[in-house]
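The next block holds one structure in the form of structure tokens; read it before the comments.
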Amino acid sequence: MTRAWIALVAIGLGILALLAAQGAWRAIAAHGAGDPPPMPAPAGYEAEDHFPGAALLYTDVALPAASTASDGAAPAPGVTGTIALPATPVSPSLAAAAMRADAGVVAAAPFSTKAASSVDRARALECLTAAIYYEAASEPDAGQLAVAQVILNRVRHPAFPHTVCGVVYQGSERSGCQFSFACDGAMARVPSRAAWIRAARHAGMALAGYVYAPVGLATHYHTYAVTPAWNRSLVMTDVVGAHLFHRWKGYWGTSAAFSAPYRGGEPVPGPHMPLIAPPVATSPALIASVAPVPPMTRPEQVQPGYVASGSSIAPPAATPDKARPTDNLPAAPQVLDRFKDSGKPLL
């Protein structure tokens, strides 16, 4: 009898398990049949379109031709800024030898701050921390170290400024930033303390000589969301997190080109002051030709009593001075007789 009850209970539990499994399967099938809920489209800074020159996507000010020619910053949507390369400083044979020696991805040399002062080191750390935080705060450790490596590679390249702060805030004086956060208002937001400390740790590692070898000698990067114009003229070295890293082709992408020493001289951290156009020199003749002429009063409009108003008046005739005495001696004393002996000792 007991065995019969156990068998019935087991059969009942099996039926309940089958019914529960069938209900779960129907729920899964019904959930998968519908379309997934739409995701909000990111916009502006939250779109994470951060790469060198990305600030040009958010500016509506047309840059002058001279500025765009100097650093290659193109004010067009989806186009990043870059730097015009100088002439190759070595012969074609040496350049070809350097390219053969650096075939593939070559790791950069360790960065050194031995020649910099303590003030320069502190400023470099602050600028590099800001760049890592605003460019790759949500990236993994490898992504933040890769961004730091790109900045330090630029410091040692002849085409860029030779200071960390100069590289990070390059172009901020005219809204043509190489790194978007310096121009798009992102720095107005208070940074997260934990994320800032994490970025500072990676910045300190890079400045102390740590090399993130996978990106090699990369000097440019961009996100998946943006396809800049220069990506076909450069060589991609690696993909880390949400960023694609590139280096220059030819001699300027070899280790021999990254020869600029770091000696400090860091400017004050932060975006540069806006450029002020110098005043245009004008000649006095040009000023006189365009200056308004004051109104003139005709003589017939002047009342008779004021005709001579404003005319010079002859000075009065000089009068002879009174005769001065020729005796320059002091006058006779006027002391009374009873006070003549005043002040003498009583002996």
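Each residue, glycine too, has its Cβ placed from N, Cα and C.
Among the features that TrEMBL reports, compositional bias 'Basic and acidic residues' is placed at 337-347. Annotation comment: TrEMBL describes 138-245 as domain 'Cell wall hydrolase SleB'. According to TrEMBL, the feature region 'Disordered' maps to 300-347.
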For the domain 'Cell wall hydrolase SleB' (138-245), what's the mean pLDDT in this predicted model?
91
Helix, strand and coil residues within the compositional bias 'Basic and acidic residues' (337-347) as assigned by DSSP:
3 helix, 0 strand, 8 coil
